[in-house]
């Protein structure tokens, strides 16, 4: 018994479809983009949390990295705690923003999202010229 896709000459599996390479590349690029945004958010959250901790108790923050009787928490453990909270805020913030944009656009799949973004933003012109030859560009005259 043949599958439904075999009668038309098309593969039965969606992973073997001709456009699947482009879809997979799109998903990888999207993942890299979201990872970069998340990393930037984590860095911003870490810096913000660290600056708030320094503002709240600067004398404890500026003392050494060893915990003493006067300092119940070392600077490194304070920084790790700030990193943890900053990371949590960054991941939650990116998730909430992504979810809000997804719902505001009313899309149901990545293909819908891509077509919606292409309709909103202008197209990027492709350069038909070859890549810049740096040796010619940087050659002294």
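In case you wondered, yes, glycine gets a Cβ from its N, Cα and C as well.
Residues or ranges marked as N-acetylmethionine by Swiss-Prot on the basis of a large-scale study or a structure entry: 1.
Summarising the annotation, Swiss-Prot assigns topological domain 'Mitochondrial matrix' to 1-29 (among others) and lists a curator's inference as the type of evidence. Here the topological domain 'Mitochondrial matrix' (1-29) has a mean pLDDT of 62 out of 100.
Residues or ranges marked as topological domain 'Mitochondrial intermembrane' by Swiss-Prot on the basis of a curator's inference: 51-81.
Marked as topological domain 'Mitochondrial matrix' by Swiss-Prot: 103-141 (among others). Using a Cβ-Cβ cut-off under 8 Å and counting only residues 6 or more beyond its ends in the same chain, the topological domain 'Mitochondrial matrix' (103-141) has close neighbours at 23, 26-27, 30.
The feature transmembrane segment is assigned by Swiss-Prot to 30-50 (among others), with sequence analysis given as support.
Non-local neighbours of the transmembrane segment (82-102) in the same chain are 34, 37-38, 41-50, 53, 113; each lies 6+ residues outside the stretch with a CB under 8 Å from one of its CB atoms. Per Swiss-Prot, the feature transmembrane segment maps to 82-102 (among others).
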